[in-house]
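What follows is a short report on a single structure.
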Amino acid sequence: MTLSSGEPSAVGGRHRVVIIGSGFGGLNAAKALKRADVDITLISKTTTHLFQPLLYQVATGILSEGDIAPTTRLILRRQKNVRVLLGEVNAIDLKAQTVTSKLMDMTTVTPYDSLIVAAGAQQSYFGNDEFATFAPGMKTIDDALELRGRILGAFEAAEVSTDHAERERRLTFVVVGAGPTGVEVAGQIVELAERTLAGAFRTITPSECRVILLDAAPAVLPPMGPKLGLKAQRRLEKMDVEVQLNAMVTAVDYKGITIKEKDGGERRIECACKVWAAGVAASPLGKMIAEGSDGTEIDRAGRVIVEPDLTVKGHPNVFVVGDLMFVPGVPGVAQGAIQGARYATTVIKHMVKGNDDPANRKPFHYFNKGSMATISRHSAVAQVGKLEFAGYFAWLAWLVLHLVYLVGYRNRIAALFAWGISFMGRARGQMAITSQMIYARLVMTLMEQQAQGALAAAEQAEHAEQEAAG
């Protein structure tokens, strides 16, 4: 079934803006056009606006998924010039100026006058996608809930294990990737074990768990520089996190992981719970855009190499923002997406008023507001311009910044309350786990494989019938 979400603009009709994605770039673009004389269609494959920087707190039981992922439709319900569509974009026709999305068996074709592509990024396993079965990433709510099930489930399995080696394996946690997400996850697993779970088991001592932070790079938090990276590493090591650098993961399976050292030697770590926080790849829409335009290229991560005004070459009405765009010096962080969205919407407002000259647009300029990473309760590292600081005040700055960027007063109050319980005491309010959290991904993968197998068999049978008839 194919539906149309709008007709081509009549002469003098309202300008139609299509936004793909409901992350930082997509949501901020929609809100920035609130008072503009435009009709907006926001298309997203999820129903929520996800605050990704706090996913690790969902995985470690501090926050609920609702605290960091309010419903996009409800956020924008008072903005009457926005329509929200749930669906996965499977085609962008730059010549016809349409976006095709699919939800179940329904296909929707949405025309546009201006397009903002803010589809974000996904976890990258550097060509080893089979690792995902045993080492979930940290990009979606599903990822975070699965990891919560695996982390807490590892302690439960260790409690009933009677084999010493198996118990040690269950209590070994490996986090791959020493960027902000990896550092934060490793620190929170330690705090979960030492504070929240203290005294809750009878045959194991949770604080005796082994937490390993791995990275192929030679330093922790490379983008933040050697000084802050070293401070973060020392703090982690003080918490008994084993920081292992220059260590490349070459294999991941149910029992553990295999690592290749800098000198070429390999070693094995037996572990039950693996967290993949290393590397991102742009949405497949980047490749789709490049293939549909003349002269547009993508980089190795799949990001679109945009023009200075964030547009696709030859298409001054098509903007790419956030993790999907490649602009030298602009990191893949929330601020890059937000600033890119504001720039694109400013240009669109000029277009609507007839004041835009594509050949003379001011280029996008990124203002670096700094970066932060929390390590543990009362400890973080922060970089703001040339200023670098760590410890308690960096942690306070981290708290304030994340509260400001959470969408909605309800979510801010809920997060503040949960943080108060967790940081001033031991408790965490989101410790429930279910079998669905742990096994749903695997079951869905198996079902998809079975469906593909059935489809292939049907196609082969049809082909055989045609040959017999011909």
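Using N, Cα and C of the backbone, Cβ positions are placed for all residues, glycine too.
The feature active site is assigned by Swiss-Prot to Glu184, with similarity to another entry given as support. As annotated by Swiss-Prot, FAD binding site applies to Gly21, Ser22, Gly23, Phe24, Gly25, Val89, Asp323, Ala334, Gln335. Here Swiss-Prot flags 389-409 as transmembrane segment, drawing on sequence analysis.
Here the transmembrane segment (389-409) has Cβ contacts under 8 Å with residues 27, 49, 51, 53-54, 68, 70, 75, 228, 231-232, 235, 334, 372-374, 377-382, 415-416, 419 of the same chain, all six or more residues outside its ends. Just so you know, of the binding-site residues Gly21, Gly23, Gly25, the Cβ with the fewest other Cβ atoms around it within 10 Å is the one at Gly23.
Its Cβ taken as reference, the residue listed as 'active site' is surrounded by 26 other Cβ atoms within 10 Å in the chains shown. Minimal Cβ crowding within 10 Å, among the binding-site residues Asp323, Gln335, is found at Gln335. Taking the Cα atom of each, Gly21 (FAD binding site) and Glu184 (active site) are about 26 angstrom apart. Of all Cα pairs drawn from Gly21, Ser22, Gly23, Phe24, Gly25, Val89, Asp323, Ala334, Gln335, which the record names as binding FAD, the longest spans 24 Å. Cα of Gly25 (FAD binding site) to Cα of Glu184 (active site): a distance of 24 Å.
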